[in-house]
Every structure is written in C-alpha cells, then in structure tokens.
Amino acid sequence: MTRKIGVIGMGNVGATAAHYIVANGFADDLVLIDTREDKVKADALDFEDAMPNLPVHTNITVNDYSALEDADVIISAVGNIKLQDNPNDDRFAELPFTREAAKKVGAQIKASGFHGKMVVITNPVDVITSIYQQVTGLPKNHVVGTGTLLDSARMKRAVAAELNIDSRSVVGYNLGEHGNSQFTAWSTVRVLGKPITEIAKERNLDLDKLDHDAKVGGHVVFRGKKYTNYGVATAAVHLANTILSGAETELPVSNYREEYGTYLSYPAIVGRDGVQEQLQLELTEEELKKLQVSADYIKTKFAESTK
Ligand code: 2OP
C-alpha cells in the first residue's frame, strides 16, 4: 500500500515538513501545492536533487489538486509571514488572510474528491481546522489541528531542562487554544511516572516560571523572526505518520469537542481513522475554568471574524 501525503503551503513551515517527509521516506508519493508556482517547482527540484544522496525515493507532484484524490493525508501549512509579526504573538492576527485561504483551498480539496485525513498547521489553527472541516465536508474526526501538540512539546522541553532529563521522559498536556489562552494542565504532567506537582514540592520548582519558559518557544519563532518552525513541522509530520501507520497514539491535538462547541486541543487517540477516541481527563477546578476561558476565547474571536 503506497503512502501519499499532500503539503499545501510551501512557506518555511510547509517546506520544512516536506523536507522532513522526503529525507525520512515517510511517503511514497508527495504532492506539493503553493500559489507561487516558481517556488514550489524549485522546492520539488531541490528535493529531487537531494534524492541521489538519500536511501529512499519519493515521487513528487507539483500543483495538481486532482493528485490529492487518493492522498492519505493532507497537511495545510498555508500562512502569511507578515501577519505573524504582531505585538503579542497573537495567532488570530493571521485570520483575515488564512480564513479566506482556507475557504479557497478547502473548496479545491473537496473538488479533488479527497477522502483522507487533514492535519492543519495554519493559524489560528483551532478556527482554521474548523473552517477546513466545514468547507470540505470531511467528518470532524478526519480533520485535526496540530494545536497544543507543539505547546505540550515546549512544556516538556522546559521541564526537562529544569530537571536535566530527556524531554521524552516527560508526559502531560497543554490544553485549549494553540495561542495565548492555552495553559499547562500540571495535573496531567508526570516525569518518569511521578506527578510534577510532587516533584515541584520536593524541589521547590516554580511551575509558573516553567509555564513561561515553555511559551518562550513561540516567542522565539515570532520575535526571533525565524518564521520557520521545526517544532510545528515535526508535530504535523508526527500526526501524519500516526495516521498513516495506524499506531494508535494518545496525543493532544485540536479536535472538535462537543461539550465546548469548538475545536480545541485536548488529548485523543489518533490512528488510521483520524481521531478515533476522545479522552476525558480528571482536571482540577482551576484547569477546567482555564479550559472554558480558552474555549470561549476561540469562539468569540471566530464570531468576531465573521462579522
Ligand atoms: C508557534 O507557536 C507559529 O503557532 C506557531 O510556533
């Protein structure tokens, strides 16, 4: 069975994700789409120039939506660099541009007959994931956003740095909007099986400082004018591989939660059928309040944008 992935939006993030896919042979067929014809053709040629020095080969197609009909996964990395540079790293600053782009791209995806799963990076990712789902008509559980999969990774990096351990030894979740209203649900965070709240007491850790250190990642991407983002590209490809391989994995992804009436990041079991099961965490009262605030923020900002 061949593995086919589409990457739409070949800016810094999309090109990083595509390179990661080609270099690791994660797809047999890769469809690259961007409005800038010269750019995406150059990317494809560059990837093909890399292949003689890679142990794997990938068939690359450029700017052909019909080639997406039998794709397994489409990654949306459409974005607008200029709008990312805003005073408080507000992901919603891109919405006027990305809302219209998602409607156009979503309509072309629908017209292609695509019936696979979508992984959305495009910000504000919770709202854009919702727009893609509405425009394509794909089942809600077949359209997911990277959401706080990236923020949870940043939390793990900050905790690991504080405790001088490998970041993969940290489990736990950031929840809610992939943006300024997200938060670390410290009640879910464990290090080598021990609740971080116990470790914090024993070692007098400042969890608020750790929360701040975690968020630095996003600021570096925005403030540092990097505008390429290995963190989110890796998260998106990890999601695509989880779907392609069917390795049913518990991940904090942006998925539609009925009880909040919006897409937001909350752990779910992701596998070949997209979001296969939605989990229920035992959150503290304070965490539940923060999650409601974040859900309300997403819905309010979305409603404002449609006025
Ligand atoms: C990030 O948090 C840009 O939303 C992306 O890095």
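Indices start at 1 and increase along the chain as displayed.
Backbone N, Cα and C atoms are what each Cβ position is placed from, and that goes for glycine too.
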- Please pick, from D28, D29, D34, the residue that TrEMBL records in the NAD(+) site together with G9, M10, G11, N12, V13, G14, I121, T122, N123. D34
- Just counting, how many other CB atoms are there within 10 A of the CB of T122 (NAD(+) binding site)? 31
- Query: Considering the binding-site residues G9, G11, which residue's Cβ sits among the greatest number of other Cβ atoms within 10 Å?
  - Reply: G9
- With DSSP as the yardstick, break the domain 'Lactate/malate dehydrogenase N-terminal' (4-145) down into helix, strand and coil residue counts. 75 helix, 25 strand, 42 coil
- Query: How many other Cβ atoms are found within 10 Å of the Cβ atom of D34 (NAD(+) binding site), counting all protein chains shown?
  - Reply: 21
- V13 (NAD(+) binding site) and H178 (active site, proton acceptor), compared by Cα position, are separated in whole Å by 16
